[in-house]
Amino acid sequence: MSNFAIILAAGKGTRMKSDLPKVLHKVAGISMLEHVFRSVGAIQPEKTVTVVGHKAELVEEVLAEQTEFVTQSEQLGTGHAVMMTEPILEGLSGHTLVIAGDTPLITGESLKNLIDFHINHKNVATILTAETDNPFGYGRIVRNDNAEVLRIVEQKDATDFEKQIKEINTGTYVFDNERLFEALKNINTNNAQGEYYITDVIGIFRETGEKVGAYTLKDFDESLGVNDRVALATAESVMRRRINHKHMVNGVSFVNPEATYIDIDVEIAPEVQIEANVILKGQTKIGAETVLTNGTYVVDSTIGAGAVITNSMIEESSVADGVTVGPYAHIRPNSSLGAQVHIGNFVEVKGSSIGENTKAGHLTYIGNCEVGSNVNFGAGTITVNYDGKNKYKTVIGDNVFVGSNSTIIAPVELGDNSLVGAGSTITKDVPADAIAIGRGRQINKDEYATRLPHHPKNQ
């Protein structure tokens with residue numbers, strides 16, 4: 001039989017105090033909704049339907065054509081949200097997973113186990129449950145003396161006795177699809193919230209003598225539903241530990257994993273060493289045997305094998321094998337550094353390609369440049385690329401030596417094997433094999449300093 005999935009993503013999330021829909025808040029680099037969608041993929045659903053409501057267009061942009069969408073214009077409860085999927089799913093034979101879009105920690109493995117449990121026990125409904133010593137706020141699982149599930153009672157509707165129950169409802173279920181939509185026609189709003197509860201379907205199945213079961217999570221953390229910023233931070237912390245543990249198992253060394261922040265889609269090869277306070281974001285890829293020292297920040301970039309990045313920022317760029325960067329360097333978007341390039345302290349590179357074995361040791365700005373191989377930039381070199389309106393390109397050939405404190409004003413080209421004298425301002429092309437000197441000639445005026453007020457003779 002087929003599997004189907006319903007993701008509930010219509011809520012506003014008032015307690016988040018945000019203009020952004022709750023399910024779009026990010027955990028480890030992607031939205032909570034994307035985490036849930038990826039986990040749902042483990043059951044290989046034939047159809048996935050996402051229920052949207054508050055700022056539906058923003059939610060739909062995230063999953064685009066990966067799912068079908070239905071709109072819940074009024075948020076009248078989880079049961080009402082599932083009713084909205086009736087035009088797509090009613091009458092289909094199979095098993096339907098219902099899951100909230102604000103549960104980013106649920107794993108695909110747990111959802112697959114839930115479906116298998118449901119099928120193997122021939123249940124008409126199976127509840128994903130968890131156990132906790134602090135069940136406040138959760139719906140409780142009420143069982144009879146034979147441990148059979150009788151019903152789910154919400155916190156606001158629970159008796160004092162029921163509030164002592166430690167087994168809680170995670171808000172995730174599997175139903176026989178046809179029976180689900182038949183039962184939904186019989187639920188009502190006679191409860192403290194005045195809403196249609198999906199949990200009332202469980203009571204209906206029990207009344208008709210149909211089999212209802214519960215599968216208990218092994219890890220309570222997976223049950224976390226995010227309703228405010230506190231829970232969001234908790235989810236981030238748990239996810240970070242999972243991610244770092246995965247990388248350590250795969251051969252990556254962490255000096256302090258609790259102080260290292262790695263997004264879920266980051267790829268790291270074995271033998272990489274990561275010091276504390278390193279942040280790796282987006283689609284970043286790190287090659288084998290690279291070292292990332294304290295304070296390094298990398299986003300959406302590729303770093304090759306054997307590189308050393310020291311307390312520096314790299315954004316949307318590529319760094320080849322054996323490159324050294326930093327400390328205190330900034331590689332800005334759309335830059336590429338060839339093999340064995342050295343970018344030293346207080347060097348900024350923006351929108352530039354730099355050939356292999358080129359060195360910019362300190363205090364240099366390289367912007368909108370095409371730089372060849374074996375180039376040396378002296379300290380204080382500035383490429384001037386902006387005239388206040390337009391940006392221009394500088395082309396520097398192979399084996400060029402640029403003396404310290406030079407200013408290269410684009411658009412200009414320095415030919416292969418050329419040399420720029422220290423302190424020069426270059427405004428014209430420099431031919432290959434030429435030396436360019438663009439500075440004022442030094443003049444010494446003997447004894448002139450004795451006329452100045454700061455001279456010891458005048459004190």
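Positions of Cβ are set from backbone N, Cα and C atoms, glycine also.
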Same-site acetyl-CoA binder from Ala360, Ala422, Ala449, given that Swiss-Prot records Ala379, Asn385, Tyr386, Ser404, Arg439: Ala422
Residues Ala379, Asn385, Tyr386, Ser404, Ala422, Arg439 [recorded acetyl-CoA binders]: greatest CA to CA distance in Å: 22
Leu8, Lys22, His362 screened against Ala379 (acetyl-CoA binding site), Cα within 10 Å - retained recorded positions: His362
Overall pLDDT for the region 'Linker' (230-250), taken as the rounded mean: 98
Helix, strand or coil at Lys22 (UDP-N-acetyl-alpha-D-glucosamine binding site) [DSSP, three-state]: helix
Spatial neighbours, same chain, of Arg332 (UDP-N-acetyl-alpha-D-glucosamine binding site) - Cβ under 8 Å, 6+ residues apart: Glu315, Glu316, Ser317, Glu348, Val349, Lys350, Gly351
Euclidean distance between Cα atoms of Gly77 (UDP-N-acetyl-alpha-D-glucosamine binding site) and Arg439 (acetyl-CoA binding site), Å: 76
Among Ala10, Ala379, the most crowded of the binding-site residues [Cβ within 10 Å]: Ala10
Cβ-Cβ neighbours of Asn385 (acetyl-CoA binding site) (radius 10 Å): 22
